[in-house]
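Residues or ranges marked as active site, charge relay system by Swiss-Prot: 110, 174, 203.
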């Protein structure tokens with residue numbers, strides 16, 4: 001029986017773009033009986049509103065060709081200089097799960113991994129889903145992921161440690177999501193459920209045969 005996986009792209013990407021950048025990963029997942037779904041973030045804001053340190057990501061990750069703004073799961077909060085997850089993202093993912101799920105796992109890259117990690121603290125509760133609509137997740141994978149930093153989210157992580165089996169992928173040359181940020185999300189998971197996997201590259205989802213084989217081995221250990 002095919003199992004569905006929810007794939008959350010990074011800042012300024014789209015579902016189609018993320019799919020094109022994860023062909024090798026997707027091929028290996030399909031061999032294991034998984035079907036990958038790539039939604040596109042519902043929020044769009046002007047490139048000028050994006051922090052300077054994310055410029056490299058935007059330049060290397062164009063949208064779907066129809067959007068002139070930057071697609072994102074999160075929105076900037078000008079009053080604090082931080083960010084927040086808007087209700088539009090929650091509502092969109094709620095409906096997406098109902099229409100395309102249920103999902104066995106969730107995989108995120110960069111901002112998508114941050115969102116996936118936050119949702120993994122209480123996937124059904126945060127998205128307003130019953131266990132009939134969405135059974136408990138079987139796994140969670142974060143590539144260049146991070147724990148939300150704004151203060152209003154800390155209680156959620158502290159009261160609901162991520163207990164879903166999780167794989168945290170960190171690039172040794174990643175200058176966008178620093179090791180400390182990856183470690184922050186990793187430390188938000190229970191000790192017996194988390195695994196850290198390094199790769200020699202930067203800020204991207206590796207597609208090499210060696211990497212996807214390690215992911216496959218991790219998934220097979222869960223069954």
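A Cβ is built for glycine as well, from the same backbone N, Cα and C atoms used for every other residue.
Note that the coordinates shown come from a computational prediction; the quantities given were computed from them, not determined experimentally.
Recorded features from Swiss-Prot, shown on the structure.
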residue : record                           : Cβ within 10 Å
110     : active site, charge relay system : 28
174     : active site, charge relay system : 20
203     : active site, charge relay system : 19
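The two recorded residues, residue 110 (active site, charge relay system) and residue 203 (active site, charge relay system), show a Cα separation of 8 Å.
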